[in-house]
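Trainee: Okay, so TrEMBL annotates it like this:
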- A:25-46: transmembrane segment (TRANSMEM)
- A:26-173: domain 'DUF1468' (DOMAIN)
- A:58-80: transmembrane segment (TRANSMEM)
- A:100-133: transmembrane segment (TRANSMEM)
- A:145-164: transmembrane segment (TRANSMEM)
Amino acid sequence: MNEAEESVASETPAAQRPRGFSGELVGAVLLAALGVYLLVDAGAIAIPGSSNTVGPRFFPYAVGGLSVATGALLALRVLRGDRGPADDGEDVDPDAPTDWRAVAVISVAFVAHALLINVVGWPLAVALMFAAVATTLQGRLTPQAAVRPFLVGLTVGCVVWIIFVKALDVALPGGIVLEFLTSWF
Amino acid sequence: MAISDLLGGFADAITPVNLLFALLGVLLGTAVGVLPGIGPAMTVALLLPATYVLEPTSALIMFAGIYYGGMYGGSTTSILLNTPGESASIMTALEGNKMAKAGRGSAALATAAIGSFVAGTIATLLLALVAPTLVEVAINVTTADYFALAVLAFVAVASVLGSSPLRGLAALCLGLYLGLVGTDVLSGQERFTLGIPQLSDGIDVVVVAVALFAVGEALYVASRLRKGSVQVIDHKGSWMTREDLRRSWKPWLRGTAFGFPFGVMPAGGAEIPTFLSYATEKKLTKHPEEFGHGAIEGVAGPEAANNASAAGVLVPLLTLGIPTSATAAIILAAFQGYGIQPGPTLLTTEGPLVWALIASLFIGNAMLLVLNLPLVGLWVKLLRIPRPYLYAGILTFASLGSFAVNADPLDLVILLALGLLGFAMRRFGWPVAPAVIGLILGPIAETNLRRALAISDGDLSVLVDSWFSRVVLGLALLALVGPVVLRAVRGRRPTPAEVQREQEEDREVQRAAGTGDWGASS
């Protein structure tokens, strides 16, 4: 029971958030744009010649129309100052400013690991991703601070790989070293 | 006969190997469900790949354990962690957290565990009794009726879950779009595949669920990570006393009565019954002064409601093939992964499998009761995992689950793209569940609509031909218009967050009164 916790609980309401530009407007417009794309592209779906009255185009038209309408209405609501309640979570600090650097690092690290899996194997690729993400979230971005996360990630990656590949027969590239070391069982 | 079928299910489930899988599922489900930021839906999505290599019966038995284990794990988190969590367990957290701070954490955990067990057992029994009867009704349901049911589920999911119906609808649209990508089942035409060959099979439900729940959550938490050390409250004090038991058993039963029907209804979800249960217990209690300071009734009731609704959700899923929660949508995807299509014919075609699943729900529930309290020390250790490692680990398992499906790096790029979508949705307050339900239910709705119209030769009146579809579509209209009218007539119903705030304010007032007295006497 402390003061900090009280203030978190009382400052959460959406009403007290700034009324400036909201990224949600972009989201609503993009949703409407998605609807337009569905409406336009649905016309290009080939209809096999049959007597069937409702073909593969009907549902895309319906979803497209719904998306345009929802996106437009939502955009209007956002312009009028309506804001959705941002998601709560145990580890989420609702008052913290958005840490865009963390989002960027995670995104880049995740794409890099996706491309590396077939080159260096899943355990090493995942260890590098793990190290990048954990080091960023720690807030200390020095090479020394990345050693422990990397070792933890490598251990997790290797253990998971051995369980899933050797015991459960899931196809997962292990990389030359690990596959050689475990080739005997 | 339901009883003999159920006994047959027990005979299938109580083989040593299947018991082992049930135990494994329960342990994994609880361990993952305990981790903060991971709700039941994400638990099920992340652990789905682990069941892929098993044969269907064992896989579903393990799955039943994961499902109930994830529910249990969530309540432990909300009682012992000092921060507000997800919506379904927020009511448990309200009083449970106060009890833990007052040194009665063990009693809170015990009433939650036993309440979950009681509610889970009664609700699973109801499931076993209701399912065969409902299947008899459902077998006469036409394709048009099915379409009506899907529409009702869409509307209810979008407008009931979450605080803003329009935002629910936006999320639903995204899910319906994702469900359209791929090859059309009825005509064999590719739709919206952008010429990418991997997309012609459609976007995998597991990839979408893991992306929206796990990757989206990791990105969102990373963007607003709570700094400082993790505070886990010690679980102290005795387990339940006689007095605790006396005060708990009625809330357990009332919570079950709230939870099960709401779970059965399309888009009931767990949020409303837990809320109703809490409000009821607050009204009926003989110890109103304890509410807001750790009243055991306030833990017992909502926790029972939460678990009863989890079993209720399985009724429409197993009898109609209609998922009414995000978790149910993922379970449906799991069924489809094993080549099984839930629906009215499921009980006849896959009878033994379904009864083994229901039997293992009972078994898993009993295992959880036995395991959970003794293992609470282990769960507390999991709660203390440093957050940088926790979220890096969630991404690791997200990568594993999605890559294991097709062994294609492109799936991981799609995973990240959809994860960024999930991140944006969380920021905007768009609920994630309608997207997952739209993705899985959209194709079902489309197929049934087109079959119905093909039979009627395009005559739209077929959609309102039967009484069943008229009633269901009427309900859908009601669910769409009702909240708007209600809000206009008597204002908004308070959200769980507002109830919590109200309580904080009550406490503030009481404290102010307390300091006032103290001031006067000095």
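Glycine is no exception: its Cβ is also placed from the backbone N, Cα and C atoms.
No curator has checked TrEMBL annotations; they are predicted automatically.
Describe the structural context of these features.
Mentor: Same-chain residues lying 6+ beyond the ends of the transmembrane segment (A:58-80) with a Cβ under 8 Å from its Cβ atoms: 22, 24-25, 27-39, 41-42, 45.
Distant neighbours of the transmembrane segment (A:100-133): 146, 149-150, 152-154, 156-158, 160-161, 172-179; these residues of the same chain sit at least 6 beyond its ends, with a Cβ under 8 Å from one of its Cβ atoms.
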Trainee: Who are the long-range neighbours of the transmembrane segment (A:25-46) in its own chain, taking Cβ under 8 Å and residues 6 or more past its ends?
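Mentor: Here the qualifying positions are 55-57, 60-61, 63-72, 74-75, 78-79.
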